[in-house]
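What follows is a short report on a single structure.
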Amino acid sequence: MLNSSDTTYLSLLEKADSARENAYCAYSNFKVGAALLTKSGNIIFGSNVENASYGLTNCAERSAIFAAISRGIKPQEIDAIAISATGENFSPCGACRQVIFEMGSQIAVIFRFNGKVVIERISDLLPYSFTITINGQ
Ligand SMILES: O=c1ccn([C@H]2C[C@H](O)[C@@H](CO)O2)c(=O)[nH]1
Ligand SMILES: [Zn+2]
C-alpha cells in the first residue's frame, strides 16, 4: 500500500470523478472515469464506452491508456491511474489490471473501495501476472 494521503493521487482521483461525466453507459448506467498521470505531469482522461453488443464495451481505465499511447506517451512515462465509478465500491476489473500491468509493474492505481481510498502498485493488485518471456528477454 502506498501513502493513501498522497495529495497528488487524491487530486487525480477527483479528476477521475469529473471524467465519469463523459461515460457512455446506455446499458448499465454505471459511469466510470479514469485519469492517467504521466511522470511529467500531464493528465489523460478516459471513460467507459458501452456497446449494444455488450462484450465490446471498453472500460474507463483502458480508454485512458489507449488514448495516452495513441497520442505518443510511452509506457515508461506513466506514473499513475485513478479510477472513479458510481457508488463507493469499485475496483478495476481483471482485464484492466492486465492492461495496466503491461504498461509497467510500478504504476500506482487509485480508487475508492468500501468508502476508503486505495492506492496500490499494479504489481500488488495482479500477483503472478501474465508476461511473455522469449529467448530470455
Ligand atoms: O474496471 C472496470 C470495470 C467496469 N467498467 C465499466 C464497464 C461497463 O461499462 C460498466 C459495468 O460493467 O463498468 C469500467 O469502466 N472499468
Ligand atoms: Zn476493466
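Yeah, the Cβs are placed from backbone N, Cα and C, and that goes for glycine too.
The model shown is predicted, which means the values in this text are computed figures rather than measured ones.
Taken from TrEMBL, the feature active site, proton donor covers E61. Summarising the annotation, TrEMBL assigns substrate binding site to N48, V49, E50, N51, A52, S53, Y54. Here TrEMBL flags C59, C93, C96 as Zn(2+) binding site. Per TrEMBL, domain 'CMP/dCMP-type deaminase' is recorded for 7-133.
Sequence features, as recorded in TrEMBL, placed on the structure.
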residue	record	DSSP (3 states)
N48	substrate binding site	coil
S53	substrate binding site	coil
C59	Zn(2+) binding site	coil
C93	Zn(2+) binding site	coil
Binding-site residues listed as V49, A52, C59, C93, C96, least Cβ neighbours within 10 Å: A52
Residues close to Zn(2+) site centre defined by C59, C93, C96, Cβ within 8 Å: A60, E61, R62, P92, G94, A95, R97, V99
Arithmetic mean of per-residue pLDDT over the domain 'CMP/dCMP-type deaminase' (7-133): 97
Residue among recorded positions E61, C93, C96 with Cα closest to the Cα of V49 (substrate binding site): E61
Which binding-site residues sit within 10 Å of C59 (Zn(2+) binding site) - Cα, from N51, A52, S53: none
Least surrounded among the binding-site residues, given as N48, N51, when other CB atoms within 10 Å are counted: N51
Extra residues within 8 Å (Cβ to Cβ centroid of N48, V49, E50, N51, A52, S53, Y54), substrate: Y24, A26, Y27, G55, L56, T57, N58
Contacting binding-site residues, sequence order - E50, A52, C59 vs ligand 2, Cβ under 6 Å: C59
Residues among the binding-site residues V49, E50, N51, A52, C96 that border ligand 1 - Cβ under 6 angstroms, in sequence order: E50, C96
Recorded positions near C96 (Zn(2+) binding site), in sequence order, restricted to N48, A52, E61 and a 10 Å Cα cut-off: E61
From binding-site residues E50, N51, A52, the one whose Cα lies nearest the residue listed as 'active site, proton donor': E50
Largest tally of Cβ atoms lying within 10 Å of a Cβ, found at which of the recorded positions E50, E61: E61
